[in-house]
Each structure stands twice: as C-alpha cells, then as structure tokens.
Amino acid sequence: MQEAVVHVHPAGRLLALLGNPNCGKTALFNRLTGSRQKVANYAGVTVERKEGRLTSAAGERLRLLDLPGTYSLHPRSPDERVTRDVLAGQARGEKRPDLLLCVVDASNLRRHLRLVLAAQRQGLPCVLVLNMADVAERRGLQIDPQALSRELGLPVVRSVAVEGQGVAELRALLDDPTTWQVRPHRPDEAEDGARITALLQRLGLDQALPPGRTERIDRWLLHPVFGPIFMAVLMFGMFQAVFAWAEAPMGWIEAAAAWAGGGLGAHLAEGWLRSLLVDGLIAGVGGVLVFLPQILILFAFILVLEESGYLPRAAYLLDRWMGHLGLSGRSFIPLLSSFACAIPGILATRSIANPRDRWVTMALAPLMTCSARLPVYALLIGAFIPQRQLWGFVELQGLVLFALYAAGIASAAAVAWLLKHFTARGQVRTLMMELPEYHWPRLRNLAIGLAQRAGIFIRRVGGIILVMTLVIWLLSSFPAAPADSARPVIEYSLAGQLGLLLAPLFAPIGFNWQIVIALIPGLAAREVAVGALATVYAVSSEGDALAGLIAQQWSLPTALALLAWYVVAPQCLSTLATLKRESGGWALPVGVAGVLFALAYAAAGATYQVARALS
Ligand SMILES: Nc1nc2c(ncn2[C@@H]2O[C@H](COP(=O)(O)OP(=O)(O)OP(=O)(O)O)[C@@H](O)[C@H]2O)c(=O)[nH]1
Ligand SMILES: [Mg+2]
C-alpha cells in the first residue's frame, strides 16, 4: 500500500518573528500570545521554533511562530538553519509564513537593518518592529517611525516588548489588508551596506553614540584583573547563599513533614498501610521536597545573571581559558545552562556553528552539576560536614558545595583537554559574541521564572520521584521477614536481596547495599536516590531523620565516595535520550555513558581509598 504524506496545517494565517539574536522577539511573542517562553539577555536563547496563537484587534485568530535569532539568512549554526527553513517554507509540517514581523533593536539599527533588507527579498510581506525603543531613547536616539517607514517601504511599529508597548498597534495592523501585501524591494544584496548608511544619514541616526552605562560598567567587569576576581567572588557567594539562606525554610518543610508523618503514624494502626504512607510517601517525598528552597536560591542567582546581561561577559572572560581546552567561549552558555539541567544545555548547543565544538560541548554537559544533584549533595553535606565558619565569614558547608561544583567543572575540563588531543581540532576561532546592554532584571520575570522552576521540581517530586519512591517502598517491604528473623527485616525483601547481590561490585568503592539500591532508581531522576535512601532507612528503623541516620551508619570515606560518584556519573536517562536526539545517533550517548560511568567508579574508588588511608 502506498502512503502519501498529507500536511494538514491548523487554521489561521501564519506570522513569524524574525530578527537578530537578543532583540526581544520572544519577549514580544510572550506578550502577543500570552506564552511564557524563556526570555534572557544574551544571544541564542531561543533555539527551536515555538508556536502560539494571537488575535488581531478585530478578532481574527492567527498563528505566530517564535524563531531563533539569526544574523543572516545564510545559516551558520543549527539554530539559524531552523529559521532559514521556516522562511523558505521547508520546515517539516509547516507552511511558509504569510507575514514576517521583523524585530530590530532600535539602538542598533545599523546592524539589525541588514536582516530586514534580506527578509524583504524573500518575497513575503513584512512589518518592521522597532523594539527596545526605550533603550534607544534613553541613549538619545530620536527615531521617527514614519520616516523610517517611508525609507523602507514597510509599516513600522515602535515597541517596548517587555512592557507591552506596541502590542495593540501591531494587533490593529493585522486587520489592515495592505499589511499583507508584498511590496517592491531592491534585489541587490551587495548594496545593502551602502543603502543602510545612506538611510541612517538621511534620518540623522548615523552619529556614534556616547559611551553609556553599559560601557562604564564593563570598564570594571571586563577588566583583565578585576573582572575575573569579581566573577570568582560572585560564584563563591552564590554557593554560600544556597546554604545560608535556605536554612530557615528547609526547617519549616522538615517540621511539616515530621508533623504529617507523626500525626498519620499516631492515627493508623501498625501495618503495611502506615508503612506505605509514613515510610514510603512522607519520608521519601518529604526527603526530596525539603531541598526546594536551595534549588530556588540557586535559580534566583542564575535568573539574575541571565537577565542582567552578565553571562556573555563571563563567556568572554573565560574564552581564552577555554581555548586551552580546545573550546571557545561559545560553549560557555550551554554549559552554564546545564547547571540547571543538562537537557536545555544540550539544546542550547544548537547555537554553536562548529560541529566538533558542538558535540564536545554536548558530551561535557552531563558533567556540569545539574540541580537534581543538589538534594544529594545537600543531604550528604548536611550529614557529614559540620556547620562551622572559617575565618569568621565562610560557611564550611557552602565551601564544600562550591568545591563539588568546581570538581564537576574540573572533570569537564579534563575530559575536554583529553578530547582536544584525541580528536581533530576545529579551525582556530575568534569569539564573535555580542555583549548586550545591561538591564535591571524585572521582578515580574524573576518571579515567573522562579515559579516555573518550583513547578518543575514539584511536578517531578509528585510524579517520577513519588512513583519511584513507592516502587522502592514495595521492593523494600516485600516479601516480609519470617516472624522469628534474627537479621534486619529489610534484608529479606526483594530490594535488600538485590542490594546484597550487587554490593560486592561496589564494595571496593565504599558503597553499602542501601546505596546500591538507591542508585538504581536514581537513573530515572537523580533526586530519587535521596527519596529511596529515606525510604530504605525509614523501613528499617524508627523515625529518625535521614541525615542523622546516615551520619551514624556511614563512614566519612563512604559519604565522600558517594559524592565523588555523583559529581561524575551520567545518572540520568533523559539526558542520554536528549544526547541521542540532538546528535542524531547512538555513538555519543553510549560513549558518554560508558566513559562517565567508568570515570565515576574510578573517582569514587580513589576518593574512598584515599579518605580511608588518611582517616
Ligand atoms: N529595555 C528593553 N528590554 C527588552 C525589550 N525587549 C526585550 N528586552 C530584553 O531583551 C533581552 C532579550 O529578549 P528576548 O526576547 O529573549 O530576545 P530574543 O530576540 O528572543 O533573543 P534570541 O531568542 O536569543 O534570539 C531580555 O533581557 C529582555 O528582557 C525592550 O523593548 N526594552
Ligand atoms: Mg528568543
């Protein structure tokens, strides 16, 4: 039988947002469609096409595509290819747009207008969105939208996307039939530069802007000596804050879980139901949920860094250093995103043009310490590292957390360095990266960002973590022990038996069988290991908090070995699946998993043996 591919497009005319990176396309998209796509102050935030719906002023329903930013229609990186394909009508399952909304940064017309001229040559109707008008005006640029409209032969709308200015005018334009007409354009690309210069001259916009706030700040933050010092202090302060600020809210969550467990325990008769609810549900899920405050503090820092415009500066400062590892500053932002989660980090590599750099960056992403590791780190640090201050102002626990993140970065550096020697290096690259204007982060965006992260974490806790924790509870509770058993009850259960069976394999690196049990469901989501430990210990003991129990029962070398394991081990199946999808084959995920598991075993083993020898 033959099958024909039939593309069925949803109803409604199709609009697409086109523009250079970081000109505010996604901010406008969110305002027009009510979506909450990620907006941040650096180039290359959007790497996929996203769809939303909007209504015109008169009530027509239309579809709008948000596209990755691009400097030209001759794509150099995978994300730019996405945009080119949509414009050419070659994107799979999508028709060619009926109208382009060309977004430009009004304070940077000379560069941004090039793409507008290129868009006009596509033979599609265009509207020019003069975004960041607030920034341009603050810097003393007076742009007359009507004059610009006459020069370009396009409708022009002044906009401040983050405040919703210009949105109503755009909606109204969509009801005007002339908006949808293709206008004549000049075909010759070679003349674009001269044309833009002449145009800016005629509009009186060709004077060089005096140095603004951004230049003044950068004199310090990009200073060869002061810049790196500032960056180090900033990162260090971030990890200090994660422990220092989270203490109180963590106490509240712990108290709530203990209260719920105690209350339920008192009302239910001894038996499997009580064990399921108290040991499985409350111990397991509460054990993970307690780390929410720390995760949110970490994300608050990351969001402020993203919105302020500091991130590309950090990339710039690290570029030379990354060059020694065979990478460029381009890899910095994908790697930094991986501190939240490796999956968006791997997606962000689409903005890297060089294929070799791209796959190396993807391979390194799992080594960056994702937020799912934070609960495990925090649990072990809380149990084994005393709460003490060094030199009167440094929290020891925060220092150890900083060291663990640094260890992840150091192992990534080591792998990158090895890869540099074993793979063909790409050609020498100079970092071409825009340094955006600094912005004050908007409180509203920050709150939305944090609420989204909290939502993701709570859904994980209520979903995969809950399910896995209950599975662990089942496996650790059945089959039940005989009435006259001499050994601990849990050793009769399936989980106990499996753990005991696998334990010899992990004995050389200091793991006991309880850890082994916790690591297996940890493959589904790293935090599950914490919930699983909480459940395994709750089943086999009475009521103490997990941190206290493991502090009694594990040796310090065992705890350090587990930390070392967690720094390196590629314990997340969804990351490996993303690696397969983005690299288009099995070689990368299988290679990464193999190498990193071997490294994790070696690192944990070395840590264990050294710590034992020293203690
Ligand atoms: N002051 C000001 N800031 C804006 C405006 N529009 C967007 N921004 C900020 O500019 C930055 C970039 O916005 P995005 O919407 O992520 O830009 P984008 O064009 O989607 O960027 P890519 O996805 O990387 O191509 C963010 O920090 C926004 O908050 C505006 O009109 N005025
Ligand atoms: Mg975007």
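First residue shown is number 1, and so on along the chain.
From the backbone N, Cα and C atoms, a Cβ is placed for every residue, glycine too.
Since the structure is predicted, the reported quantities are computational estimates derived from the model, not experimental observations.
Residues annotated as domain 'FeoB-type G' in TrEMBL: 12-180. Annotation source TrEMBL lists transmembrane segment at 225-246, 252-269, 281-305, 325-347, 359-385, 397-419, 461-480, 586-611.
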Can at least 3 Cβ pairs under 8 A be found between the transmembrane segment (586-611) and the transmembrane segment (252-269), with each pair 6 or more apart in sequence? no
Lying 6 or more residues past either end of the transmembrane segment (281-305) yet within Cβ distance under 8 Å of it, the residues of that chain are 238, 241-243, 245-246, 249-250, 253-254, 256-257, 260-261, 264, 311, 314, 336, 339-340, 371, 374-375, 378-379, 441, 445-446, 449-450, 453-454, 457-458, 461-462, 465-466, 469-470, 472-473, 527-528, 530-535, 538, 546
Dominant neighbour of the transmembrane segment (397-419) in 225-246, 252-269, 325-347, by Cβ pairs under 8 Å: 225-246
So if I exclude everything within five residues of the ends of the transmembrane segment (225-246), which remaining residues of that chain have a CB under 8 angstroms from its CBs? That is, six or more out. 293-294, 297-298, 301, 313-314, 317, 374, 378, 381, 394-395, 397-399, 401-402, 405
Mean predicted confidence [pLDDT] for the domain 'FeoB-type G' (12-180): 93
